[in-house]
Amino acid sequence: MTDAPVKRIRNFCIIAHIDHGKSTLADRLLQDTGTVANRDMQEQFLDNMELERERGITIKLQAARMKYKAADGEEYVLNLIDTPGHVDFSYEVSRSLQACEGALLVVDASQGVEAQTLANVYMALENDLEIIPVLNKIDLPGADPDRIKEEIEAIIGLDCSNAIPCSAKTGLGVPEILQSVVDRVPPPADTVKEPTKALIFDSYYDPYRGVIVYFRVMSGSISRKDKVLLMASNKTYELDEVGIMAPDEKKVDELHAGEVGYLAASIKAVADARVGDTITLLNEPADAPLPGYAEAKPMVFCGLFPTEADQYPDLREALHKLQLSDAALKFEPETSSAMGFGFRCGFLGLLHMEIVQERLEREYNLDLIVTAPSVIYNVNLTNGEQILVDNPATLPDPQQRESIEEPYVRMEIYAPNDFNGALMGLCQERRGEYLDMKYITKERVTLIYELPLAEVVTDFFDQMKTRTQGYASMEYHLIGYRKNELVRLDVLINAERADPLTTIVHRDKAYNVGKGLVEKLKELIPRQQFKIPLQASIGSRIIASTSISAIRKDVLAKCYGGDISRKKKLLKKQAKGKKRMKAMGKVDVPQEAFMAVLKLNQTP
């Protein structure tokens, strides 16, 4: 049994937007409580992945147990559960909030409240968490704590009279934060005597011990010798070890209600111990699992192909290894006439897709071609069936389908009101439907739109940042499917369909997108010795075309004057050769062409 009674345990997390200083504040808390010695300290201590440190974002959750001597002379155990701040990982955030009783709301004193922070704060309020506002970066010259306090009160309705000003960089205000966690965050409920239930809020794959599961004991207790049952996956395991994160793993014999720890039980893959699952004892199982469990559903799909065909087995192995530690990643083999063998992969969102791609290239030294991201469409066929399509190239022909439904999201954009026009223009270009506009303060506004997800996953985020000089932030969630006039746009290169360039677009946009595609390809595909026609088509109808002219060899150079029939004979021979070359010739599309098409702005 660990040494802390339930009334002296505090479980809390930090809610903050990207770049508002969450990981730095976590570092200071670890340092101030003596959990990490100063000499071992490195920046962003809880962000273990190299990629996390580099991008300055938290991808996987971490947890740390700190001991703190409070003003009343008692020693308290503070469990800090770190959360990712990005919209792609909102399910992970909701699970880690369920494991806490309180939250520090960290807001940059020079920037104010951002969209993703708000989404997480509302989630925290739904879970009845005690929220402590913290104004970070008050040492910056542009800091305006009073304005930010007003903003938090206006937007969230939180009383900010006792908000804590701090600077995570210099350590100012950190002792006050620790004391207020003890004073204001309620202790966990004393449910040691009830049947054992523990919530999995994170897990990672260790090549030697299998999956390490991070959990919070909600009721009862878990000890090292127990046999446990995971209620959602219905799998049973014998525990090898149980322990706490301080922040390095440290074995203990038992953890009771209210405590946060880890367990190892030779679990093969992260998919067997999913985030949100309930752990209970095999011989005395709980009646019902903890509420809120949901399977991770991929929202964005794309094809991943190795640039060299012989790297295919390496890519397969790398994806299998990544899947051991990332249960949200889905993939299946796919072949394409233009690209050879590869995989169709599903991701939570664009950031998740970029991270997986970057990890494959960085950790496994693979060179990849990525096709344009697409979403899942519901296709109603003429025979009454309904199928799901995640690859535009597999969409049935127009004669076979009745209608196509695409996923829609409700989006809230927070921005200074100078950029209203630019943002409304962007949303309209992306087929957005205006719902509402609210002024939060005199300077800031919230725009609420409903948009097709397909319009968001291309480059909406980049465009939003560009048009608002980086000031806007957004948050969105899926609201269901709607029927739309959608068509499959194919690209034909030398009369052959190039599958990876196939997209599904709205009929009204098809011409502009098709024209943009063929023009872009004309710039990027190198000239051959024969003419290459480039066409964009909907079904059998060509809607845009251009061609790359041939490189000509001057066959008349050696004729100097002479008989005209001799020249004609040579030109005829050349034309015949070109005709044969055109029939036999294969056009190699360079990788830049695929990449440029991804970047092609889809706005008309």
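From the backbone N, Cα and C atoms, a Cβ is placed for every residue, glycine too.
Straight from Swiss-Prot, the features:
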type    : residues                                             : note
BINDING : D19, H20, G21, K22, S23, T24, N136, K137, I138, D139 : GTP binding site
DOMAIN  : 7-189                                                : domain 'tr-type G'
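A 10 Å cutoff on Cβ-Cβ distances gives N136 (GTP binding site) a total of 29 other Cβ atoms nearby, all chains included. N136 (GTP binding site) carries a strand DSSP state (E or B). For I138 (GTP binding site), the same-chain residues 6+ apart in sequence whose C-beta sits under 8 angstroms from its C-beta are A109, P145, P165, C166, S167, L172, G173. S23 (GTP binding site) falls within a helix when secondary structure is assigned with DSSP. Looking at the domain 'tr-type G' (7-189) alone, the prediction's average pLDDT is 74. The Cβ of S23 (GTP binding site) has 24 neighbouring Cβ atoms from other residues within 10 Å, across all protein chains displayed.
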